[in-house]
Amino acid sequence: MAFTDLLDRLGGVGRFQLVYTGLLLLPCSLLACHNFLQNFTAAVPRHHCQGPANHTAAATNDSGAWLRAVVPLDRLGDPEPCRRFKEPQWALLSPNTSVRGAAMEGCRDGWVYDRSVFPSTIVMEWDLVCEARPLRDLAQSIYMAGVLVGAIVFGGLADRLGRKGPLVWSYLQLAVSGAATAYFGSFGAYCVFRFLMGMTFSGIILNSLSLVVEWMPTRGRTVAGVLLGYSFTLGQLILAGVAYVIRPWRWLQFAVSVPFLIFFLYSWWLPESSRWLLLHGKSQLAVENLRKVAVMNGRMEEGERLTKEVVSSYIQSEIASVCPSNSVLDLFRTPAIRKITCCLMVVWFSNSLAYYGLAIDLQKFGLSVYLVQVLFGVIDIPAMLVATTTMIYVGRRATVASFLLLAGLMVIANMFVPEDMQALRVAQAALGKGCLASSFICVYLFTGELYPTEIRWGWALLRSVPALGV
């Protein structure tokens, strides 16, 4: 007998599983907001050099005449973003006049930003443009580094302390560090708190997935995994709406972080995984949790019959197979699991690189970032519906391979589309991103079924490594 047989005896996919899964997936939807938040908080507006401060005309820095005399134009006729004339070229104010060989310099006095779409971003606040533009990308890489470290820290804690404790702490850490990111005024502090937020991504995803899987009978796990994907889709749509209404980056950062205080408060009600409790000798608490589940699922009589001996009998086979200590090396210990790990590492690397390459920095498509964010979220809905159907009737492996192939074809085809055909480029990129999102869910389920829960954190660590290259 297996633990899932006990769950079937207590109502299978009942009211408890539905409510429990919903309460765990709701935070995951807002977690997606933080993954793609820099599309808005770190957006790069149109900008050009500010004029020399020693000229009295600098007060009219934003006038067309002054701008033409101070800032050279690029090939498209727009002001160059990173250079200016050392001295104003007043001759350019005359019609049909050009200046050659004029001395140039960098934007020594700062930049003037177009605030019509974004009233404030971290780029404007800390001048992360021109030579400093790599710092903007560094901030996103630091967030991804936090995801990697979080897999190590919270994964190990989940095996030793249980799933609930690290999850509750992750909610609190994200709420506090997110609010602190919006409050402090230095780029260094911003990066530190973004790192802490990235850590919580792993803590929340790993433990939410473990709790959902360990409380869900086998027949409900495919649907639960797909719902996890839809929660991320919902989060991307929520982000587009919230970012459209709340334009200043600090208030946007605050708005998507504060709800995690609510998640922190209600997460105390969530019961610990009874499977974990049984594996760690806490059978009495496991019985109490299972009786509550039985009551909520309308199986009170079945719950009253449960004893420590009865419950333990359902997990004896798993207790015998549990390793006293777990490490990343467990992913390579036997030939069979070594083969699976190597294959999944390649799949995760290609999937992560392509997915985040498309979904981060939406400004490269040349359309409204709000519109592109919505399109990138909506496209996941039909893509995951198709993925769900094929997973049920065809299988995980064929589904993953098909969606990765389609995504690769879309990304490659996008390379040959002219830049002025922006709508076509966005449509192809959205289709590719939808295929990648569907393959993500397939691989998550694939992993959940192939790996024991006790070494799933090590897999999550390896899965996080490719994100550093984005």
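Any Cβ shown, glycine's included, is placed from N, Cα and C.
Nobody curates TrEMBL annotations by hand; they come from automatic prediction.
TrEMBL lists 18-37 (among others) with the feature transmembrane segment. Long-range contacts of the transmembrane segment (18-37) within the same chain: residues 143, 171, 174, 178, 197, 201, 204-205, 208, 211-212, 215-216, 224, 227-228, 231-236, 238-239, 242, 252-253, 256-257, 259-260, 263, 266-267, 270, 296, 359-360, 373, each at least 6 residues beyond the stretch ends and with a Cβ under 8 Å from a Cβ of the stretch.
Among the features that TrEMBL reports, domain 'Major facilitator superfamily (MFS) profile' is placed at 94-470.
According to TrEMBL, the transmembrane segment annotation covers 141-158 (among others).
Outside the transmembrane segment (170-193) by six or more residues, the chain places 27, 31, 34, 122, 126, 128, 135, 138-139, 142, 154, 199-200, 203-204, 207, 250-251, 253-254, 256-261, 263-264, 267 with a CB less than 8 A from a CB of the stretch. According to TrEMBL, the feature transmembrane segment maps to 170-193 (among others).
TrEMBL lists 200-217 (among others) with the feature transmembrane segment.
Here TrEMBL flags 223-244 (among others) as transmembrane segment.
TrEMBL lists 251-269 (among others) with the feature transmembrane segment.
Annotation comment: TrEMBL describes 336-358 (among others) as transmembrane segment.
Annotation comment: TrEMBL describes 370-394 (among others) as transmembrane segment.
Sequence annotations record features per position, and here TrEMBL assigns transmembrane segment to 400-417 (among others). With a threshold of 8 Å between CB atoms, the same-chain residues lying at least 6 positions outside the transmembrane segment (400-417) that come near it are 347, 350-351, 354, 358, 383, 387, 390, 424-425, 428-429, 431-433, 435-436, 438-439, 442-443, 446.
Residues annotated as transmembrane segment in TrEMBL: 429-447 (among others). Long-range contacts of the transmembrane segment (429-447) within the same chain: residues 209, 221-222, 225-226, 228-229, 232-233, 344, 347-348, 351, 354-355, 358-359, 365, 372, 375-376, 379-380, 382-384, 386-387, 391, 396-397, 399-400, 403-404, 406-408, 410-411, 414, 456, 459, each at least 6 residues beyond the stretch ends and with a Cβ under 8 Å from a Cβ of the stretch.
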